[in-house]
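Colleague: The following feature annotations were taken from TrEMBL:
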type	residues	note
TRANSMEM	118-136	transmembrane segment
TRANSMEM	157-178	transmembrane segment
TRANSMEM	184-207	transmembrane segment
TRANSMEM	260-279	transmembrane segment
TRANSMEM	291-320	transmembrane segment
TRANSMEM	326-348	transmembrane segment
TRANSMEM	369-392	transmembrane segment
TRANSMEM	412-435	transmembrane segment
TRANSMEM	447-467	transmembrane segment
TRANSMEM	473-492	transmembrane segment
Amino acid sequence: GVPRVFEERVLTVIMESCFVGGGTFVQRSRRVSVDGLRGKAWRSGGSKRSSLRSQPARCAAESQLLQKQEVLKTEVVEDTPPPPPVVQPSKRQVLTSLALLIATDKALIVLFRTLNIQFPASLFGMLAMFGTLLALDVVRPEVSTKVAGAYQPGVNFLAKWLAVCFAPSLVVLPLAPMPASADLLRTVCVLFLGWAISLLSAAYVAIALQKLSVSEEEEEVLTPAAPIVMPPYRKLAKILGASTAGTFLLSIASSGFTPFVAAYTLSATLLGFCLGNLLNKDVKKIIHPLITCTLTALCAIFVLAQASGVATAGLLAGYITRAHNILKVGGGDLLLSLLGPAVVSFAFQMYSRKKIMKQRSLEVIGASFFASIFGLFGTAFLARLFNASAYVRKFLIPRQLTAPLAIRAAEALTADIGLCLSVVVLTGLIGANFGRLLLDIFKIRDPAARGIATGASSHGLGTAAIAAEPDAFPFAAITMALVGLISSLLVLTPPVRILLLRVALGGL
């Protein structure tokens, strides 16, 4: 058999080779088992008697190994620096950053009105800010870092409350015109089926493009983004509950004084959003907090209408007034005022993932072009397939666009603008509520594919809903903007528009 002295020497060399300068442990791809080596020595011919004689030496060797392991643990702990503390921005930093975002959005709105540009200023601001940061990153990286850092506290704050900024459009949805009862079912079928096909097709196109453009050796491992620290929803729900009750009493006592009513409806909307976020994780896959805050706001408006003897439709119309007089603004106006800055803030979310977005740029651009063309012509074909009325087929075509772009598309298609906006809101609501669930059902796990699919099929509402996935969110934001831009250009191009109408109405 193998001499015992030789065996112990081999064990000592193996263990000492795992320690280099200063006690740092070098992890080996192969782990050598002490018991395995001893078993090998036993099987190679060593007698039981010699093994028994060497038991004291074996015990001494094992004791030395244990002592070295303890020293290793102690030295590794001492040499490992503690994790850096998470520094939370002060309230002043958050307010300053929010003011920067709001000022940026307002400046762009004024500029676009002055130049009479019929394009969403916030959407342009997002793309322009993202491009500017990328350019600065090449020329002056330290400047781009400082700019992004100045905006970041406000960006993080809006990310926590992003979804609720889209709630006012859902709250006033009952006031929107609806198609005739004969076409209502056809409209709903086209919306659900068209959305699902757009979502899944965009996801699979993105996955296919990834396989074509990036090999397994070149693919960079996606470093998970830092999770968003959510607000204390339970504590806020108690505060907002008390605020809702108090402003309700003030609204009744003041005979519907507008500022009190606005504070009441705003508190109820935020309360519903907090309660929705307190639901179980599995329940939230089916009932998104957008649904709970919308239903809470509608119930609050109905209760106030019954208590004060005012028509529910009148109070609902006062939820969004778009008035410039602060005494006449509604609760929804206050949330909508943050929607533009929130869209601009998407640029910083994308910039934070610029490296992986550059690597996956072919997927984003290719899937955006596919989703734009397939979404427009696919919707036109589905509307025709379900034999909807001619006016219904027209206002269904721009369903994948954001509201401002959908208005321009509806005008070009001579469609009903009010019904078109209703369809846009419903499409976003479907995507926000069921998008992540459908992607999970089809086992689409890749963050880029999930984000691209959501942005391509559900525009702003869906993008807001997927903000809970920080790795997928930047892809949803950029795809939403690209699909909106490409689809608008296609609809406004006369030959394409004529072809779309022929597909929808017949003649092709």
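For all residues, glycine too, the Cβ spot is worked out from N, Cα and C.
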Colleague: Please tell me whether the transmembrane segment (118-136) and the transmembrane segment (473-492) touch - that is, whether there are at least 3 C-beta pairs under 8 Å between them, with each pair 6 or more apart in sequence.
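Modeller: Contact criterion met.
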Colleague: So what's near the transmembrane segment (184-207) in sequence-distant terms, Cβ-Cβ under 8 Å and 6+ beyond its ends?
Modeller: 178, 363-364, 366-367, 370-371, 374-375, 378-379, 382-383, 386-388, 392, 396, 399-400, 423, 426-427, 430-431, 435, 438-439, 442, 444, 446, 448-450, 452-454, 456-458, 479
Colleague: Determine which recorded stretch among 326-348, 412-435, 447-467, 473-492 has the most C-beta pairs below 8 angstroms with the transmembrane segment (260-279).
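Modeller: So the stretch in question is 326-348.
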Colleague: Quick one: do the transmembrane segment (326-348) and the transmembrane segment (412-435) reach 3+ CB pairs under 8 Å, ignoring pairs fewer than 6 apart in sequence?
Modeller: no
Colleague: Among 157-178, 291-320, 369-392, 473-492, which stretch has the most Cβ pairs under 8 Å to the transmembrane segment (412-435)?
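Modeller: The stretch I would name here is 157-178.
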Colleague: Between the stretches 157-178, 369-392, 473-492, which wins on the count of C-beta pairs under 8 angstroms to the transmembrane segment (291-320)?
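Modeller: Maximum Cβ contact count belongs to 157-178.
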